[in-house]
Amino acid sequence: MDGKRKIEHTADGTHYDATSNVKRKPIFPPFIADSLSEATEKANVMGGGMNSRLQILSEMSKRVQATAPISSLEHFKQLSDISPSFTSSANSINQPYNYSGSLENLVPTPSAGTPSQFMDAQNPYGAVYNALSQFSETEPKMPSYMDDEEASDSLPLSLSSQSLSSQVTNQKPAPHRLTMRERYAANNLTNGLQFTLPLSSRKTYEPEADDDSNDDMYSDDDSNADRWASRIDTAALKEEVLKYMNRCSTQDLADMTGCTLAEAEFMVAKRPFPDLESALVVKQPRPVIPKGRRGRREKTPLGPRLVGICMEIMRGYFVVDALIRQCEQLGGKIQRGIEAWGLSNTATSDEGETSLVNFDQMKSFGTPANSSFITTPPASFSPDIKLQDYQIIGINWLYLLYELKLAGILADEMGLGKTCQTIAFFSLLMDKNINGPHLVIAPASTMENWLREFAKFCPKLKIELYYGSQVEREEIRERINSNKDSYNVMLTTYRLAATSKADRLFLRNQKFNVCVYDEGHYLKNRASERYRHLMSIPADFRVLLTGTPLQNNLKELISLLAFILPHVFDYGLKSLDVIFTMKKSPESDFERALLSEQRVSRAKMMMAPFVLRRKKSQVLDALPKKTRIIEFCEFSEEERRRYDDFASKQSVNSLLDENVMKTNLDTNANLAKKKSTAGFVLVQLRKLADHPMLFRIHYKDDILRQMAKAIMNEPQYKKANELYIFEDMQYMSDIELHNLCCKFPSINSFQLKDEPWMDATKVRKLKKLLTNAVENGDRVVLFSQFTQVLDILQLVMKSLNLKFLRFDGSTQVDFRQDLIDQFYADESINVFLLSTKAGGFGINLACANMVILYDVSFNPFDDLQAEDRAHRVGQKKEVTVYKFVVKDTIEEHIQRLANAKIALDATLSGNAETVEAEDDDD
């Protein structure tokens, strides 16, 4: 030997150590083994052994940071901060490896996606309460039968392919085999290893190797937060915490720290505290928690735990107050600019937004002193289009922020012409010889509408549509790189701008002057890949367009502000997260945590200078009335039995409260498992409320065996395995199996008879509404979040002999506007079926005057967006919105959370009383 350790690797993941003449079992996936081999070579050069090898690999590991498929060792080297968990598709599609800090701990563990872990037999609710609290802050991951054309995340393959057939029909679960989908995935491992990085561990947004140097200005670095923290007076901080501990109520202490009311009462009973040390020594007697073989361990004592949390939050408030002062300074510049126009800015920090409506406000100020203020549309804007006062003011507001080198959120309510104002702003820049290049990023469903609006409002602008196949985009890149002055505005989608590396690099190299992000709430998650990639596109000026700046919570609102003004917010993001992340105790309700007065007041002060929001009630006197009605549906006896059997015949609230108590005692690993189970249970409960055909009830196993045998006669199944086909069918729902029977002649005879799709509580309610709508000459837009529900509703429309159109995420972008035009032109089409995600944004369906929301959303603003597809400029009739909610089901709880989020939005806007009145009407 030459002194070097020689290690050889085999295809099955084992490796042979030539030095010790030992063939070792595959404790590492092959990819990591390759990395070890490379580390070994480096260690030999350094003269070290195994410790050096582990040290080198550890350093390599720290460079992995993105949640992305790892396709090669070279790709691995380019990344940073290795994930605590990842999946080796090379060994087994269902064998995750858990990395807990050292390579010796890198061992296979059972898959989190196997059927045995989907359901807790003793408590099928699992950790539903924890999931509800989690989903109330952010939307749940999209299940496979849910529609979202822009969604990049989904539930695991094995989870999404499961059905509740065995639970609903009391069938014995079949032994788990790889389904056809899983076998296909196993044979097409082109993406390599899938790394999943917990959001909390993402610390630095390092640019990729080909990123622009400008990316550094968008980093979210711990050192930035430390710079703010270093300015805090520690003595003053401790004094504030001591005051709070001595003055706060029991409920306030529980809300701030997330402790139980009993713990808060115990702490309050020990007051007064002469100093913090007196609070730190408080220790509440608590039961000892068993920890299996590791013995028994107690939690952190009560005093240190509560004082520590209060210190962290109060430190966050100190940093946030410094941010507020900076925002107020910038807001002062904006205010002086508005006053120079001769306008009175009606925005205050208490209202949380700017509201400039019309020129009547100029009367007390006289004529504009600022020559840049315009009172008529820009010269290059189409002369045939008349702009309202509030729209011209919006153009001026955008240009003012542009001149001040700031950024803004144009948050007018849906239907008030944000697209029109944006195009007019581009026209104004053209008049001032600022010709671009500019960029507009929008959902795919709005692409054609943007093109039409550009042609309608400003045909002089040269528009470049960056969209199409990979080959087509390559041609566009070559053409533009050879002539960068060939366009003024580039138009593309969120998916293209944030997915392909070639597309991202191309967009970064364009050096855009203005970047506009339509439906800006797509950027609400600062930890997402989409957010990070779009943040890396440099621009001189950023504008977000959104009718709903607040989607779920204040943390998401801060993410939007951090996106448009990174130089303002990047130093305090960690402190902002502390303040605006809700801590919810088991006894405190969600609404109280969401509407925390201190959090809301600070959010208002930060957002006020940068958000322009006008409401329909302020600017559109002639817009017809919109009436919302919640239609409560009653289960039939059979539907109720199925639902209660699955829900263990217990109250949702009692189960949820019980589980959140249990969750507090969980380890991180158990907590992750509970969240996965809870997400699955939530989806199934929603499906049970929607329609029984979302499960396998009618197609028994004996029928499936006959179908599996018959379908072997189809050309594409000639060489398939009949047993595998049968097993795959076992995991399909009734509607999937029925559609399969309609597709293949060999199994046509197995189609469902007697129209079982009409037998559901929501369908019975829908039938009555549609019958009355047809008699009254009303036209209906019918929304559902789930594509399989739309499949069922298509069958319902046919049974009712109603003409309809359908639009969902799978509809080709080129045909979407044609469907809308067809609905406008043909009044005999009674119903337009739309998925809430794909059809809820940027679409004008003012020719309809009835909106039906078949299922409720965790995010109420998705529903509001859907409503305003019909209730917008151009509507001639009063609009009625019906929302279906099944009594005594999970939907009532989702609706309650939605009401709390709407109340938070109203509080930020100063309209809480109005919302309360509307809720009472409902």
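Using the three backbone atoms N, Cα and C, a Cβ is placed for every residue, glycine included.
In Swiss-Prot, the feature phosphoserine is attached to one residue out of Ser85, Ser111, Ser219, Ser482, namely Ser219. From Ser20, Ser201, Ser213, Ser223, the position flagged in Swiss-Prot as phosphoserine is Ser213.
Just one residue in Ser37, Ser160, Ser617 has phosphoserine written against it in Swiss-Prot, and it is Ser617. Swiss-Prot lists motif 'DEGH box' for one of the ranges 290-293, 518-521, 546-549, namely 518-521. The 10 Å shell around the Cβ of Thr419 (ATP binding site) contains 21 further Cβ atoms across the protein chains shown. If you look at the motif 'DEGH box' (518-521), the same-chain residues 6 or more away from its ends with a CB under 8 A from one of its CBs are 409, 418-419, 440-443, 446, 450, 544-546, 548-549, 551, 556, 560, 841-842, 861. Leu416 (ATP binding site) sits 11 Å from Ser617 (phosphoserine), taking the CA atoms of both as reference points. In this structure, the CA atom of Glu413 (ATP binding site) is 10 Å away from the CA atom of Ser617 (phosphoserine). In this structure, the C-alpha atom of Thr419 (ATP binding site) lies 19 angstrom from that of Ser617 (phosphoserine).
For Lys418 (ATP binding site), the number of other Cβ atoms no farther than 10 Å from its own Cβ, over all displayed protein chains, is 26.
For the pair formed by Gly415 (ATP binding site) and Ser617 (phosphoserine), distance between Cα atoms is given as 12 Å, rounded to the nearest Å. In this structure, the binding-site residues Met414, Leu416 were compared by how many other Cβ atoms lie within 10 Å of their Cβ, and the smallest count belongs to Met414.
In sequence order, Gly547, Arg872, Val873 are the residues of the same chain, not among Asp412, Glu413, Met414, Gly415, Leu416, Gly417, Lys418, Thr419, whose CB sits within 8 A of the CB centroid for the ATP site. Between the recorded positions Asp412, Glu413, Gly415, Gly417, Ser617, the minimum number of other C-beta atoms within 10 Å of a residue's C-beta occurs at Ser617. Residues in the motif 'DEGH box' (518-521) partition by DSSP class (helix H, G, I; strand E, B; coil) as 2 helix, 0 strand, 2 coil.
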